[in-house]
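Chemist: The structure's right below; bear with me while I get my questions together.
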Amino acid sequence: MESAITNSSSSLKGRGVNFSAPRSFFRKFGSKCKETFFPDDPFKPISQEPNGLMKTKKLLEYFVPIFEWLPKYNLQKLRYDVLAGITITSLAVPQGISYAKLASIPPIIGLYSSFVPPFVYAVFGSSNNLAVGTVAACSLLISETFGEEMSKKNPALYLHLIFTATFITGLFQFALGFLRLGMLVDFLSHSTITGFMGGTAIIILLQQLKGIFGLVHFTHKTDVVSVLHSVFSHRNEWKWQSALAGVCFLIFLQSTRYIKQRKPKLFWVSAMGPMVVVLVGCLVAYLVKGTEHGIQTVGPLKKGLNPPSIQYLNFEAKYLPMVIKAGIITGLIAMAEGIAIGRSFAVMKNEQTDGNKEMIAFGLMNIIGSFTSCYLTTGPFSKTAVNYNAGTKTPMSNVVMGICMMLVLLFLAPLFSYTPLVGLSAIIMSAMLGLIDYEEMYHLFKVDKFDFLVCMSAFLGVSFISMDYGLIISVGISVVRALLYVARPSACKLGRIPNSVMFRDIEQYSAAEDMLGYVILQLGSPIFFANSTYVRERILRWIRDEPEAVEFLLIDLSGVSSVDMTGMETLLEVQRILRSKGIKMVIINPRFEVLEKMMLSHFVEKIGKEYMFLSIDDAVQACRFNLSTAKPEP
């Protein structure tokens with residue numbers, strides 16, 4: 001029988017499986033590392049440069065992107081970037097104060113955080129659209145991690161720990177980018193981020209009821225039940241003046257958002273809305289002496305640029321676990337959000353952003369920020385959307401924003417001391433209403449129920465338990481799903497499409513025909529210890545379920561990217577079981593890495609080269625020739 005198939009195989013000479021010598025270990029290891037850490041092969045254009053000077057220039061441009069875009073800069077681009085920079089500054093001031101309040105830190109820290117980091121990002125960032133600033137979710141998560149109680153009992157220590165957590169965040173982000181470990185961010189799936197942001201928006205919205213009603217006593221917890229209980233148990237503290245002002249501000253802000261949605265060219269109306277609320281609130285609070293009527297204000301804001309804070313970094317052992325936890329969790333979320341937002345807007349302009357460069361940029365701006373009285377910054381969606389709509393051309397818009405923030409800190413900061421807290425609460429609530437993506441959640445429900453489960457686990461976990469547990473639950477479910485894919489790999493039975501040499505899944509294509517005497521299977525994932533038992537049992541079940549006698553089992557390995565020794569032994573075991581039943585096993589199109597393993601483990605010798613083919617049609621022809629000339633061995 002072997003000679004019959006060999007004769008048929010020889011007729012297909014020139015298009016058979018290539019049994020070339022396996023590569024050396026170091027060559028394979030180098031190839032694997034390159035594909036893992038450098039899938040985009042960023043250094044290839046550099047290596048192709050003719051001389052050392054040009055290579056050095058390209059290398060510098062790669063690691064410090066400002067050297068790439070600044071020499072090409074012109075006045076026409078500057079005009080757009082100045083407009084965009086001024087526009088996002090109008091959003092940065094109220095958001096900086098609001099989100100600092102959310103993190104339970106002095107409002108001036110929020111303004112500091114919009115001054116230094118934009119300059120750092122302009123030098124090292126790769127996105128032309130991203131606008132740098134603080135974000136609500138991470139601000140609240142920081143407050144939740146350290147506890148609002150600490151911020152009241154020892155505000156100086158609380159602030160120093162936040163600077164330290166920001167430093168840890170920067171180190172973590174920089175290390176991931178430098179070591180090309182951006183793939184870790186992929187564990188935060190789109191579904192997880194959608195649910196997490198929605199759940200965070202819900203608890204932030206409810207937290208703002210404290211400012212809207214002018215409450216003095218409020219819970220330190222963030223879950224929905226505790227917050228609502230705190231709001232309604234302190235009804236005696238509700239102040240109608242504060243509530244009325246809050247509702248008016250919120251209606252105004254939502255109206256500006258509606259105008260932007262109806263007429264996108266009027267985006268600046270929505271962008272200026274928060275600044276208008278702050279200015280009007282300051283004016284009203286100053287003129288009517290709002291504090292005497294139950295309207296609380298931000299309080300004193302001193303002039304001056306960021307003071308150094310490197311001396312305040314606190315690495316005491318008793319605080320270190322809390323600091324590391326806050327730094328890594330907020331760093332991961334901020335990084336995933338910033339990269340996703342940067343990529344989304346880049347796609348609209350047919351541009352590309354480098355995720356690893358972005359991580360390095362985020363890391364450096366948080367490290368330097370922690371030295372200059374800033375807390376965690378990334379690329380918030382609202383500010384980036386305004387930057388994009390304002391027509392930004394390069395990261396220079398961040399430089400313009402930084403310069404404008406410098407002028408605010410030097411000359412205008414005290415004017416914002418009359419900002420009513422109810423106005424800040426309305427600004428935050430308006431921003432959070434845009435983060436609950438109902439349409440995307442419904443889309444997930446319609447398309448993929450498991451993705452919807454992942455999304456809802458994050459949403460409900462964050463809303464009713466806590467932000468970190470909600471995130472952990474969602475990521476855990478996502479990992480379980482990935483493990484299920486690994487342990488139960490995709491496989492299908494193929495049939496021939498009539499009047500063609502194509503073979504397709506018989507469940508997907510009803511026209512595909514079974515071939516009597518053949519079972520043709522296609523495996524679509526790596527075969528290794530975690531799924532080898534399932535692969536063996538599934539193959540044998542397909543053989544057992546065949547109504548007619550089976551002469552040949554054809555296994556298409558085109559989709560199998562790798563195989564370990566357990567997987568190899570499994571295939572050999574299947575071959576031995578089938579041989580005892582008079583069935584021949586044929587391997588089709590093993591990929592390079594799989595074939596190398598088969599040759600090194602002597603699998604090819606054991607099964608025979610004559611039973612390995614390049615395509616299903618070649619294998620079927622060989623087997624058909626064999627069936628007409630020989631019978632299976634006993």
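Backbone N, Cα and C define each Cβ position, glycine as well.
Automated prediction, rather than curation, is the source of TrEMBL annotations.
Here the structure is a predicted model, which means the values were calculated and not measured.
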Chemist: With the ranges 59-78, 239-258, 359-378 to choose from, which does TrEMBL describe as transmembrane segment?
Modeler: 359-378
Chemist: Does the structure show the transmembrane segment (398-416) and the transmembrane segment (80-99) touching, where I'm treating 3 or more Cβ pairs under 8 angstroms (sequence separation 6 or more) as a contact?
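Modeler: Result for the transmembrane segment (398-416) with the transmembrane segment (80-99) is yes.
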Chemist: If I count Cβ-Cβ pairs under 8 A between the transmembrane segment (119-143) and each of 80-99, 155-175, 421-438, which range comes out on top?
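Modeler: Top-ranked stretch among 80-99, 155-175, 421-438: 80-99.
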Chemist: If we call contact 3 or more Cβ pairs under 8 Å (sequence gap 6 or more), are the transmembrane segment (266-288) and the transmembrane segment (359-378) touching?
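Modeler: With fewer than 3 qualifying Cβ pairs, these stretches do not touch.
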Chemist: Using a cut-off of under 8 Å between C-beta atoms, tell me which stretch among 187-206, 322-347, 421-438 contacts the transmembrane segment (80-99) the most.
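Modeler: Per the Cβ count, the answer is 421-438.
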Chemist: Below 8 angstroms Cβ to Cβ, which residues of this chain, lying six or more residues outside the transmembrane segment (322-347), approach it?
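Modeler: Distant contacts of the transmembrane segment (322-347): 126-130, 135, 137-138, 141-142, 145-146, 161-162, 164-173, 176, 182, 184-185, 188, 190, 193, 196-197, 314-315, 353, 355, 358-359, 362, 366, 376-381, 384-385, 388, 468, 471.
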Chemist: Is it the case that the transmembrane segment (458-486) and the transmembrane segment (155-175) touch, counting contact as three or more CB pairs under 8 Å in which the residues of each pair are 6 or more positions apart?
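Modeler: Contact between the transmembrane segment (155-175) and the transmembrane segment (458-486): absent, because fewer than 3 Cβ pairs are under 8 Å.
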